[in-house]
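Engineer: Supplied in structure tokens, the structure appears directly below.
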């Protein structure tokens, strides 16, 4: 026995941007400890679950999380003590019941998620299993094709690039470790190219470079140059993935997309769709996330109709890992993929439900980090457990990003000959 929850502890720690975040310890009767820390985002969807912040401007500029910590200690812990850590669904449902709001604004998604993940870690430890084995089925053996962020723009940097993330995907790699090697080689090659062009090679929140490029196109051009210079073929060995985060560019009053960091150009929804269609013809782009704004459902529909059969179109701000929004998207035939961010929804149970719904509808799913991360590696285990085949967890720099890749390398080693890496085949929503 000994698998019942004895006590839950919580504390305020610091994330990769120097902001406070929540860490929880779930301690079982036999002394087993499960620990988890939650991330936070810079560009957030308006429908995301609420991250509870203290709001006291004199402490951490109002970003303290002591209220969330107190909620774990004073409200969640007494209610969960004595419950079986092996029943993740029951634990998560109990916390949702305790919160009682549609967006987790009472207890805070940062409090609920920390306990949800720590419970899974404690249960896995108690059973002598790895987290991916515990959360996954008997066939949790697919290593993800990574989306590696190598150039940052928009809200993630201070340059003249409108789009938030330019990423590479090693779709031609044979194994996950090969994929990481290829990505690292392109990352280092890009650094040399930027340096020779006189650009800064400091990195942004997610470890990608944030050079003051002259245009959005130049970002794609230097990435293409880096892929070729590293000895790879763009589109065959390594493809480009984008997260323009266009909700940040959209003006709901004029219903136009404003390229506020570069040309100040304003585009209608239809013009934005045509813009992406041209880019997909010009560059080896395999995936675009948030290509249209979260409130521009008509624009999303037009984009999906235009290029949804050619590339992966990922809803992040659009779906916020929430089954009700995903259901709407599926019914409207909008997008063909969902980004999975555990802290957008707040529990592991709801995360699994969202992935299940996506898979049933033929939508792909990508497990993702946030721009404010910690050393916690739960999402690395989660992506293998869920078998989504894709992960987005930053660049090949910064320990908060590398921690996830290193955990996946360990998992690949543990799986040995049964480890699978699907490369381009993960795009089942377009490989029909």
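Every residue number used here counts from 1 along the chain in the order it is shown.
Keep in mind that glycine also has a Cβ here, set from the backbone N, Cα and C atoms.
If you look up Swiss-Prot, you'll see 206 marked as active site, proton donor. What Swiss-Prot lists as active site, proton acceptor is 341, and the listing cites sequence analysis. Annotation source Swiss-Prot lists (2R)-2-phosphoglycerate binding site at 164, 341, 370, 371, 392. The feature Mg(2+) binding site is assigned by Swiss-Prot to 243, 289, 316, with sequence analysis given as support.
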Engineer: Calculate the distance in Å between the alpha carbons (Cα) of residue 392 ((2R)-2-phosphoglycerate binding site) and residue 316 (Mg(2+) binding site), and round it to a whole number.
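Structural biologist: On Cα coordinates alone, these residues lie 12 Å apart.
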Engineer: Out of the recorded positions 206, 243, 289, 316, 341, give me the one sitting nearest to residue 164 ((2R)-2-phosphoglycerate binding site) by CA distance.
Structural biologist: 243
Engineer: Run through 243, 289, 316, 341 for me and report the recorded positions whose CA is within 10 Å of the CA of residue 370 ((2R)-2-phosphoglycerate binding site), in sequence order.
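Structural biologist: Passing the 10 Å Cα cut: 341.
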Engineer: Over the residue list 164, 341, 370, 371, 392, recorded for (2R)-2-phosphoglycerate, what is the maximum interresidue Cα distance in Å?
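Structural biologist: Comparing all Cα pairs, the maximum is 17 Å.
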Engineer: Taking only the Cα atoms, work out how far the residue listed as 'active site, proton acceptor' lies from residue 243 (Mg(2+) binding site), in Å, as a whole number.
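Structural biologist: Cα of the residue listed as 'active site, proton acceptor' to Cα of residue 243 (Mg(2+) binding site) measures 14 Å after rounding.
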Engineer: Considering Cα atoms only, can you say which of 206, 243, 316 is the nearest neighbour of residue 371 ((2R)-2-phosphoglycerate binding site) among these recorded positions?
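Structural biologist: Nearest by Cα distance to residue 371 ((2R)-2-phosphoglycerate binding site): 206.
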Engineer: Given the binding-site residues 164, 371, which one has the fewest other C-beta atoms within 10 angstroms of its C-beta?
Structural biologist: 371
Engineer: What three-state secondary structure does DSSP assign to the residue listed as 'active site, proton donor'?
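Structural biologist: In three-state terms, the residue listed as 'active site, proton donor' counts as coil.
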Engineer: Just give me the nearest neighbour of the residue listed as 'active site, proton donor' among the binding-site residues 243, 289, 316, Cα to Cα.
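Structural biologist: The smallest Cα gap between the residue listed as 'active site, proton donor' and any of the binding-site residues is with 243.
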